[in-house]
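Q: Quick one: structure below, then a few questions.
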Amino acid sequence: MTTLHILGFPRVGAKRELKFAQERYWRKELAEQDLLDLAKALREKNWLHQAQADADFVTVGDFTFYDHILDLQVATGAIPARFGFDSQTLSLDQYFQLARGNKEQFAIEMTKWFDTNYHYLVPEFQKNTTFKANPTHYVNQIREAKAAGHQVKPVIVGPLTFLWLGKEKGEAFNRFDLLKQLVPIYFEILTSLAAEGVEWIQIDEPALALDLPQEWLAAYQDVYAQLAKVNAKLLLATYFGSVAEHADLLKALPVDGLHLDLVRAPEQLSAFEDYPKVLSAGVIDGRNIWRANLNRVLDVLEPLKAKFNQRLWIAPSCSLLHTPYDLAVETQLQQNNPELYRWLAFTLQKVAELQVLKQALNAGRSAVAEQLNDSQTAADARANSNVIHKAEVAQRLANLPTNADKRQSPFAERIKLQNKWLNLPLLPTTNIGSFPQTLEIRHARAAFKKGELSLADYEAAMKKEIEFVVRKQEELDLDVLVHGEAERNDMVEYFGELLDGFAFTKFGWVQSYGSRCVKPPVIYGDVTRPEPMTVRWSQYAQSLTDKVMKGMLTGPVTILQWSFVRNDIPRSTVCKQIGVALSDEVLDLEKAGIKVIQIDEPAIREGLPLKRADWDAYLQWAGEAFRLSYMGVKDDTQIHTHMCYSEFNDILPAIAGLDADVITIETSRSDMELLTAFADFKYPNDIGPGVYDIHSPRVPTAGEIEHLLRKALKVIPKERLWVNPDCGLKTRGWKETIEQLQVMVEVTKKLRAELAE
């Protein structure tokens, strides 16, 4: 018999019940016991769904109040010492303070979980870090599930991945040196789990899909030789990429089973066809929302069944944390777009797909002929749908001129033409894009969406806000203005709603971090722009002032990265389609007299593949898609882009290759350290390093901004330096926004006068 299991389940509930309960708890509107009871009910529901789908185990330990890596920091006693908390007696309030900060300490840093849109809390390791086992989190969930009558498989992230995901703090050392101390703690935790009578323990080691240094790889054998002494079977789970290059190492590990991601890396299967133990085949996509073609999946699984027999397990490719909960609640989508609805599968539907596969493997395809037929019909309809495939889009991409993604002239010539008409002072000041989104703006937008506010009244409200934003910028004496983006709910959703080929769900939420969830757009078909999206707002804003108004767009790579993307054509093709669609908007803005246009790309870096060898190909198509978004603009139109990350050094040639006339970057928190990379690289175009941190309501002093600008002037010629905040101001309040910008403009004017002498 084939075994069915799940690597992990979403935690937040079908309608984000956990999120709302957490936030009420933080506001002191909900008692701790009520939060604990709700969490228990959500876990029980998750286990029931798995059991009803004929899963041989329900997975426990995957539920968390904030983040599974934070839970592991608690379980190993590795919470940051700076908080002064005892991990053995940690209260729920203290747990949340680790994640959210308190009056004395800032929160633990967050970063992306591999190349997903989920964020984990980064462990802080010090030379003198000491570990201490506290398996309560896992043990309690095992007992709870067993009491409900379930067969249980706990999951825990493995020691090498856990260490790899952390950062060294304080005195210089290599966190790898902590492994010797950490492994006995893991042994203690696993022993506690085994003592609860579990047969299998799933240990996740996704770091194996990265380019790990040799000493880390070499450590796997010894680490797992120690952990294998635990009185339970160990399933080592890998995902997010191929581990084929480590096949010999993995076959030799003293574990009892291995999970492979056969969605992201189907080609790796051939390296493991002679694996002598349990092979868990990750055949249902845990990171996207499309139905699988179950007949095709069975074509892969049936030969494996013949080889592995009882040793074959089936599962999603990775945890289902990255997919929304239940398609059945999307009644509006089913009504408005029944065709698309038939092609989708959320978590519960994916579990049902696995159940069909299990039945087919155990009793033959005829036992589930109806379900397989339905799956095939949906796959065929999708392959041939004219809702998806538009001949004119493919034709337009195929017929792009050879140098479509190149500007007419090099930057040195363009900038002369731009400076001539822009006529800006030295160190021009601007804003990144958004201004505070007040409650009034949000209410007006919500009322309009619900049909409670007429189009005319909604537009009047937005125009009033735009005028307010323009007047404020004029009073502040900023040089290049923005319209403030009052009409935009989200920098990707706004464009997705206006581009063809996109759809939106109502409950398609996935966890980003803690209580924050995002609802990615669905890119299901060829992308086109039926009509202008931003032109009238920018044009209206420009009509209010004699100063230069900047148009604002989200770039193709960011739109791609923050969406659920169709899986029937390469991501690179989808990205280029978006770029070409955006170019129509850019040219319309240019025609309307908006000749400074910003195309934001905050997500270019996060799209980087996990393995270095794949970077060049990605950066090539991502760069091309970005350049296509402004194809055809005149030399005197100035293209800006904005990016916010802390690491540029390794991708600077690609950033320069975007050939934006001005790049604005987030640098204030790193004290301008980023700029040395741009200077060493001799970055050729204009740069606007952020001079204050917008993530804080704090108003910077004139001295702080002056210090940062003087540092910037040491590495960037004054003629090429712009002055701006780190990021958009959407989440700030108006009071601090005005005060922050006032200081920025005053300091700029002081330095301008000095430089003019």
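From the backbone N, Cα and C atoms, a Cβ is placed for every residue, glycine too.
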Q: Going by the 5-methyltetrahydropteroyltri-L-glutamate site in Swiss-Prot, where Arg16, Glu17, Leu18, Lys19, Lys112, Arg516, Cys517, Glu606 are listed, which of the candidates Trp47, Trp537, Trp562, Trp621 is also part of it?
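A: When Swiss-Prot describes the 5-methyltetrahydropteroyltri-L-glutamate site, the candidate it includes is Trp562.
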Q: Select one of Glu474, Glu475, Glu485, Glu647: the residue that Swiss-Prot places in the L-methionine site alongside Ile432, Gly433, Ser434, Asp600.
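A: Site partner of Ile432, Gly433, Ser434, Asp600 for L-methionine, according to Swiss-Prot: Glu485.
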Q: His642, Cys644, Cys727 show up in Swiss-Prot as binding Zn(2+); which entry in Glu666, Glu704, Glu754 does that record put in the same site?
A: Glu666
Q: Within the same chain, and leaving aside Ile432, Gly433, Ser434, Glu485, Asp600, name every residue whose CB is within 8 angstroms of the centroid of the CB atoms belonging to the recorded L-methionine site, in sequence order.
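A: Output for this site, in sequence order: Asn431, Val482, Met491, Met552, Gln598, His642, Cys727, Gly728, Lys730.
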Q: By a simple count of other Cβ atoms within 10 Å, which of Leu18, Cys644, Cys727, the binding-site residues in the record, is least packed?
A: Cys644
Q: Using a 10 Å cut-off between Cα atoms, which of these binding-site residues sit near Cys727 (Zn(2+) binding site): Arg16, Leu18, Glu485?
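A: The binding-site residues close to Cys727 (Zn(2+) binding site) (Cα within 10 Å) - there are none.
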Q: Using DSSP, would you call His642 (Zn(2+) binding site) helix, strand or coil?
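A: Once the DSSP labels are grouped into three classes, His642 (Zn(2+) binding site) ends up as strand.
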Q: Cα within 10 Å of His642 (Zn(2+) binding site): which of the recorded positions Lys112, Ile432, Cys517, Asp600, Glu606, His695 qualify?
A: Ile432, Asp600
Q: May I ask which of the binding-site residues Ile432, Ser434, Glu485, Asp600, Cys644 is closest to Lys112 (5-methyltetrahydropteroyltri-L-glutamate binding site) if we compare their C-alpha atoms?
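A: When the Cα distances are compared, Cys644 comes out closest.
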Q: Could you find out if DSSP has Ser434 (L-homocysteine binding site) as helix, strand or coil?
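A: Strand, per DSSP.
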Q: Largest pairwise Cα distance, Å, within the listed L-methionine binders Ile432, Gly433, Ser434, Glu485, Asp600?
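A: About 13 Å separates the two most distant Cα atoms.
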Q: What's the CA to CA span in angstrom from Glu606 (5-methyltetrahydropteroyltri-L-glutamate binding site) over to Glu666 (Zn(2+) binding site)?
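A: That comes out at 15 Å between the alpha carbons.
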Q: Can you see whether DSSP assigns Cys517 (5-methyltetrahydropteroyltri-L-glutamate binding site) to helix, strand or coil?
A: strand
